[in-house]
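Following: one structure in structure tokens, then a few remarks.
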């Protein structure tokens, strides 16, 4: 629908494999390891003897593939898959990926992680020329550009199309006889290649999915690369050489799984170093213990504890079934102390001065709730430490941080936030320490990290979002 | 069916509340906090103006109550609920609890955690006298005994019935005008009473459910007690005084949630102490780090690390969506290294000497798999430490450890197990240290703990299981 | 629930087979031919090697067995099945039949068509002695009586139980090694025995189900008979000889399928004769054509046309998909002429004087609607003829005519009804002509027909309904 | 998928309404009256304040709209809907209509009854120019042609597109501010306009849907017309004047509902006249009665009976629940006499000489089965009379008669067929009598009827099907 064409930024996970039996099953298992990257939709396209077949739906993988046969029936030797996080408005089945395309004489399917910054312009332009889009997703643009290309072969059509789109993207495109993988010129999103024991190539968002399927890591896909995998092997090409690494720092801070490595850096270890540096920059000398918000902040909490010499404790327990429930406590019940997702361990925190480590703060509502939870459980004091810098600017490359007015740190001072959260002290990690904690081995700006949501310095033009960004900043000025 | 009448041992979670709006919703929330106690069935009975209504089904709470209205539609001011773990054979809807009973002039529903040891005898006896059972569950016996009692009032009928059944049981019984809670004479299963801010009483398996619904802990139900809650308040009575505390030690070791307190002892803290004592009894002097099997062994691992002075690390990551998936890797894929539930963090364990702490060992297959996972990830050595004694005998009071021949420790020596698991060393906690780590403040034998699965000394006669136990022991002799 | 125990009269269809492969599939096919007897629930119990397995649920057969495997998976060589019509209140899964009963050492399942008149007394009596009922259905009483019988063998226990229950019943009872069929002493409900080409015996409500499964009709079960079918063949016995045929005349008028034969009389032919006699008793000399209300009144309309010499026409068309739809027109839409189930054929009735034949009138609302439909389509006049006598009294033997105050003919004169329906003339068949049209070859009163809903003369005592009947009659007196 | 692009002929029902509350509900009710035109898919697009929303799915209307709210939630004042019959291969959700199309600045949805004869050429041509199709349906071509048109306004774009497509089509197109209806230049498919009491216009396949929603018939849409309905009323235009009526005769013979009128002719009455003329052309002087195959042949049977003076009888009963069942008898059971859909009424046909009237014969398998059914029920002789001419040629305009080799009459003589069916005599209606029985008031060839499946004279070129037709005819030559 019209209103939905605009806000299609998303974070997602992708997985592809070429040349092995059980391709769909391996894709399911790989996506299962990437489920944290998207829980609102999932799909798999399988290639069986050159015919593509797609199954996709809303919810978790286990909602879409809800019986043992759901995957087993998808026989074939190549496949791509997608798990999707989406903003509220765009809940159309047509937007769930892989997006399948059937032509009189051929078929395609594509899966995309990222956000295009010139999607609206391209779509309007092509629609004026008669194009009909299936979805309201920015991802679909690539297919139209490929088909409209006048280049002589599919490789060149891909390159022409990839050079037209802008923004953050890791793309998988499967056809009857090949699998393409492509990364944007800044490498905003992670993408890795591995190999199964039988020699088949796998390409996916994170190394944890390689581990899950028993594949060996081969290399990180580089900015501007176009990889082609077919029955004759793998071909690595550049569709552009105008590249500069600027990988999303939120992948290291929050998004990726701790057991994944990105450009050679283990995510858990990077987070632990963030915690260590945080302990140095923002000490809490009188505290009795360090606890982390489960599960994403545990690594940073361990690092803080180790660097500060304070004991690391289990002061919060997360309900392991909370991935989904249709029933939520009402506001009234919540105020009576009802809590379904997180519990404070009274026996641990009662009477203690607690350092609470969290990975990041977006709106601040969760922080306030957790601080209250600990106080209600008897904590004597709560010192909140955030293992990343304050989030102040939107992301246009694939993470759902769209509206500055929703970012608490864009609107309030540290002291205002501390008061709002009800904690005894509050401290953030500095941008430089974040960069040093990740410590990518590159001489690109910010050591190859995108930190634009912290400092507002975007590594590319914003294209269709330029006006929106200006409007948001103006609104923010007024609010201050 | 016939074949199913026999094997009805189970571990479960129960929750009841009397005298508050939103009773079914609170019960849902309470059960959600007890979901770890049973994932194969769930149900709620609500009392609305004296009329009982039950909804129950297979699977997780979110499977049974699969829309926001599923609970909201169950209006009423009192309710009981149940989450169920069951053995494979007894998958009948009729066995899912609460068990509802409708009479011409009244209604009952009951929920049970535990296992009766004379269920088969009672059922045969009553069926010979014309009784018709709804379910193949041992839990149903109580209802028949209540109805057959010639006592003058329901209180006395309850007492008569409770004195007839044997074994482990925490029972909730709801009627049009009251809620009963009863505990077996040994208190094998935990049961606590709390109070909501509005004064309504809550009774449930663990204190974590009290926290979830915002209730304050009042007391642990004692062995042999019969509690009655109705509109006039709470009444505490003993249906027998021939009692002796013998609470299941597996609740502390593995089953209960770390944030729960049982008879005043916090479960996380008890596990941490088990880990500390394990470090003393079974040190691993040359190790570089301690890691726990997520999530149940993390507390013990922290304790081991703290006592040994070794760093505590995140060497294993559990897929947080693995609570359920219909698709499992085939044996073939598994041998190729496919793993959907657990990942080793290569960046952490590569080249390191690792102490791996696990809470307990049943069949040993999981231990072997995890050791291999760590070795494949590059661990230099793996020292497996178990924070409980070797499991060698069956449980007849409500935990599904039925067949001795399935217990690896009943069949093999420590060295044989070490070899089978492929670890460099293996050590268990002693029974005495377990007892000391929990440290219940009572002078009952084993400080009030049941440790029969470790030492074979059952605190009660085994009734219907006597013959089965002898058969199993004889078979075991032959296997050795 | 309490409130539901009382109003459990119902009309249903039953089917059983013993000693053939595909027993469940044949039962499905037989029930499919009996679906008109009940659309609100269905179930099948299959006997596989002495083990009984039951599947049952709400709705049509196709709702309960909603995949090709749903029946195919029920392998076994004997089965019973049930389709159920129920009053609004008793929508509990537990009431759907066959009712399964599992004992420690045996199993039973039973299916029942009819209504017991002393069900409430029996249940209260047995509950006082400790019995627990599964359902709120009157059908369950038989099982309790069988189990409580002190007779030496199952045959005698059956007989004792059958002599205790009163009212209308055709029962099927399956066990691990036999199938029983029993009919009440008045034979209120139809029940026939047939034989498959392979020699296996079938017992079911109507001969149309014999035809559907390819069985040959053998005999009508007689009042007071107890039939036993097992691997050694069929045994016919009488549990009582105090019998007198009084089969429900509504089976001939409306309920049974036109292709069925009951006690040797074809239902379509009987209806046609009712139409012929109606034409003689209630002629419509100036009419242009005869039309019937589809589908149940078409036979009578053909008879009326043939006897009167008027052409038989298709003036009303029934939507063949109307068996079920969740969406109904609102009252507002209905008044605007919206009609989803029945259409008048304007091209046929416009400007014509129409004889409209209907089989019976209960509340009169449908008659009013159809007369209006024909007038709106342009009919010049509508002469309504009812091929049965006015319904004035309740049925207690299995048809849902409970409350006299709902019967329009109990409250109004013929002229008042004519005015209410808006037709030009109105005429009913006499009771004697009904009896003559069916013309059963027996010297029992009313030639073996029960016509109590027409004349108030019940062939048995009413037991638990005595008081209700008196109350209804008194209320009726007041309304007049 | 590739293979499916080709065989997309279909028969369907369409319904649209503009300018009334409850538009979706009326569309549901209208489609419910058209359900006989397609049972394999259904959908509704509603226009609420200029926003289009579509719900569609597989199966009957009651499968797609499977709860009371499913339609009620679709609020809006205009809507179109579709019920779909499809050939086996094309079971893709994307093919279920209405087909929705979302553009950056507007929305469309379209519903189509018929089959385009140049769909494959158009699609290949447009795909070569970059077009991407959503579905494998021929219906989608119209949307692409509209969008590619360079005409100045939507009216002219519609006309340009309609002049490009060939074959049989009745199209509904809804946008944010209008509803278009268009009919092909030969008027192969029926399409009528009516008006609700509140003045809103309705356009649909048959007048029975007008009756169902309480609308008054206004006019039949004429060949080559483009109707536009918007808030200012109705506009009737011709997109071409090169037209000649050639409406599908199978609509009169079999497809349309008996209560519908097409170009002023009532379908039931036309069928009755076919039966009358059949009695004259193909008498059966020694017969005792006439019976029709329910439900489609009853009108013709009444006509045959009336013209021949033989009694009209109910010799076959159709199971009214057979619209759908997942469970079918196996071939083995079928041979044992199992029959789930049709029953012979033994009491009626036993020993009688029967004229059996059927509307048409396609493959002949049904005829053989029904003749056998009557013989097994004891009929002395069976004289089969077909109220239409022998089907010998494929249809390319929207009825699923694709392969000549499947048409029994294309392959066998009358005598060969009689022998195959096992009947005593066999007679068909002549083409001329068919034309005279329908008797449309027009001087177009065949009085405005398409009878090409009988005589092979197609009223238009066959375009993409030319080659297929030649191949089929050649194959047929060989078979003879």
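For all residues, glycine too, the Cβ spot is worked out from N, Cα and C.
Same-site candidate for Mg(2+) binding, as annotated by TrEMBL with D:358, D:359, chosen from D:296, D:299, D:308, D:322: D:296. Those residues of the chain, other than D:296, D:358, D:359, with a C-beta within 8 angstroms of the mean position of the Mg(2+) site C-beta atoms are D:253, D:254, D:292, D:293, D:297, D:300, D:357, D:360, D:386, D:387. Residue D:296 (Mg(2+) binding site) carries neither a helix nor a strand DSSP state and counts as coil.
Ranked by Cα separation from residue D:12 (active site, nucleophile), the binding-site residues D:296, D:358, D:359 are led by D:296.
Among the listed binding-site residues, namely D:358, D:359, the Cβ with the most fellow Cβ atoms inside 10 Å is that of D:359.
If you take every residue in the domain 'Glutamine amidotransferase type-2' (D:12-232) and average the pLDDT, you get 95. Ranked by Cβ neighbours within 10 A across all protein chains shown, the recorded positions D:12, D:296 are led by D:12.
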